[in-house]
Amino acid sequence: MTRECAPPTPGSGAPLSGSVLAEAAVVFVVVLSIHAAVWDRYSWCAVALAVQAFYVQYKWDRLLQQGSAVFQFRMSANSGLLPASVVMPLLGLVMKERCQAAGNPYFERFGIVVAATGMAVALFSSVLALGITRPVPTNTCVISGLAGGVIIYIMKHSLSVGEVIEVLEALLIFVYLNMILLYLLPRCFTPGEALLVLGGISFMLNQLIKRSLTVVESQGDPLDFFLLVVVVGMVLMGIFFSTLFVFMDSGTWASSIFFHLMTCVLGLGVVLPWLHRLIRRNPLLWLFQFLFQTETRVYLLAYWCLLATVACLVVLYQNAKRSSSESKKHQAPTITRKYFHFIVVATYIPGIILDRPLLYVAATVCLAVFIFLEYVRYFRIKPLGHTLRSLLSLFLDERDSGPLILTHIYLLLGMSLPIWLVPRPCTQKGSLGGARALVPYAGVLAVGVGDTVASIFGSTMGEIRWPGTKKTFEGTMTSIFAQIISVALILIFDSGVDLNYSYAWILGSISTVSLLEAYTTQIDNLLLPLYLLILLMA
């Protein structure tokens, strides 16, 4: 979450506005840093992709200003194509490097497939923008065509036939998800956010299908499949109910009972058998044994339940204040919204230090609960639908302009993705050394500490504003300082972290991501942890 009151709309300035150029400059610093660290043909592809995305981004911005985009996108931000386009490719590159260093060829190839899939979906988004822009932007088409040609040529000679098919399958899923979800969820995403979120879901769905078809008789590691099945199951459930409630009123008791019954049927009849096929054991029994395997896990679960209770009490207290307020449009102040960031930090740090597998599973379960409650709120499912609408409306901001409220889900994703995306098979011989030891803390540092401190200090004491934004220099500087202090505390309390004198890279990574937070208009809860993860893992 950001600290500005109301970010400028795309139409409030020229396409080549200073804030957009500054955001692009920060992104190119990240891309070139990873290119210098990796320096192979795949990193050259990432540079080419960033160059063409930089030019195509302005076509998307113009389409949004003119209202000529195919779907209804969120209007309180620019398109965000450039920062979103390079995330999956860069993530794949750094995963490849880490697994190559660990001597794991399977996951080294997996990283290349991640990078290739990210480039494919990014090129599709660029082609879509160029295809609907009138008049046809000849120069931009030439640049995009040259970059795309280089990427396709290199990938053609680097990927096996099976890997090419895998990338094309993920691209096909991405195209269909774009048509379905962007139609069902108008104004929920910018083009860049749609690329990032739907690209990730498409890749996960394709991986789940692949692993379901190639599962062997031996038991699989449940942690490798639990997240895939839960995320894909919740997305498919949402598509199913969205289609169903087109033909019936979702707010009646009959529809609500049907919703709960079908949720049980889909969960017990589809999701659990699917997970059972993958892990070759009873999923519920495995989950119960996993959660209560050690005494430490029991204490952690009790502690997390206490924090969840505190979060619920904060929501109820703020709504009680609104009820007694004279203004019916009372909104929670910035500091109040940041309470949840503090609660999440207090949740994740003990989990990262004491039991990361438990945190991995608990975050997955929490994500499923958040998505399910959002379905209940969105479809007005009785008995909680209207209550959730009233309670959560207090915490809305300009980014919740669509039918879904996604900021709390993005916060959970931003904190959890560094846990989920750490290449565990490539770190089994020992923890990551140097700056890479901080990878699991990327969400805590970027969002839990950095964004929270920047928002509070920027909104209360900030006076010097960054050009073209409502973000402040004081907020950014205090954000960097707070993250440095947090790194020092992590060194004290987590004995498994050994930075190996990589302090300059850590400081540069934190500063770069803090500058990105100052200029981006995208969902920073999701974007910032991914960029910090990429830089720390490089």
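The first residue you see is number 1, and the count goes up from there.
Each Cβ is built from the backbone N, Cα and C atoms, and glycine gets one as well.
Annotated topological domain 'Lumenal' per Swiss-Prot: 1-18 (among others), in sequence order, evidence recorded as a curator's inference. Mean pLDDT for the topological domain 'Lumenal' (1-18) in this predicted model: 45.
Residues or ranges marked as transmembrane segment in Swiss-Prot: 19-39 (among others). Here the transmembrane segment (19-39) has Cβ contacts under 8 Å with residues 8, 13, 46-47, 50, 54, 57, 61, 78, 82-83, 86, 90, 93-94, 96-97, 466-469, 512, 515-516, 519-521, 531, 534-535, 538 of the same chain, all six or more residues outside its ends.
Summarising the annotation, Swiss-Prot assigns topological domain 'Cytoplasmic' to 40-74 (among others) and lists a curator's inference as the type of evidence.
Residues annotated as transmembrane segment in Swiss-Prot: 75-95 (among others).
Under the heading topological domain 'Lumenal', Swiss-Prot lists 96-111 (among others). Nonlocal intrachain contacts for the topological domain 'Lumenal' (96-111), taken as residues 6+ away from its ends with a CB within less than 8 angstroms of a stretch CB, comprise 37-38, 42, 163, 423, 425-427, 429, 432, 436, 537-538.
Sequence annotations record features per position, and here Swiss-Prot assigns transmembrane segment to 112-132 (among others) based on sequence analysis.
Swiss-Prot lists 135-155 (among others) with the feature transmembrane segment.
Per Swiss-Prot, the feature topological domain 'Lumenal' maps to 156-163 (among others); the stated evidence is a curator's inference. If you look at the topological domain 'Lumenal' (156-163), the same-chain residues 6 or more away from its ends with a CB under 8 A from one of its CBs are 41-42, 109, 112-113, 116.
Annotation comment: Swiss-Prot describes 164-184 (among others) as transmembrane segment, evidence class sequence analysis.
Per Swiss-Prot, the feature topological domain 'Cytoplasmic' maps to 185-188 (among others).
Among the features that Swiss-Prot reports, transmembrane segment is placed at 189-209 (among others), with the record citing sequence analysis.
As annotated by Swiss-Prot, topological domain 'Lumenal' applies to 210-224 (among others).
Annotated topological domain 'Cytoplasmic' per Swiss-Prot: 246-254 (among others), in sequence order, evidence recorded as a curator's inference. Sequence-distant contacts of the topological domain 'Cytoplasmic' (246-254), counting only residues of its own chain at least 6 positions beyond either end whose CB sits under 8 Å from a CB of the stretch, comprise 379-382, 385.
Marked as transmembrane segment by Swiss-Prot on the basis of sequence analysis: 255-275 (among others).
Per Swiss-Prot, topological domain 'Lumenal' is recorded for 276-297 (among others).
The transmembrane segment annotation in Swiss-Prot covers 298-318 (among others).
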Please list the DSSP helix, strand and coil residue counts for the region 'CTP-binding' (459-474).
5 helix, 2 strand, 9 coil
Same-chain residues near the transmembrane segment (298-318), Cβ under 8 Å, at least 6 residues beyond its ends:
291-292, 332, 336, 339-340, 343, 346-347, 350-351, 354-355, 358, 362, 391-392, 394-395
Kindly report the helix/strand/coil residue split of the topological domain 'Cytoplasmic' (381-401) according to DSSP, in that order.
11 helix, 0 strand, 10 coil
The transmembrane segment (75-95) vs the transmembrane segment (473-493): three or more C-beta pairs under 8 Å (separation of 6 or more)?
no
With pairs fewer than 6 apart in sequence excluded, do the transmembrane segment (189-209) and the transmembrane segment (437-457) have three or more C-beta pairs that lie under 8 Å?
no
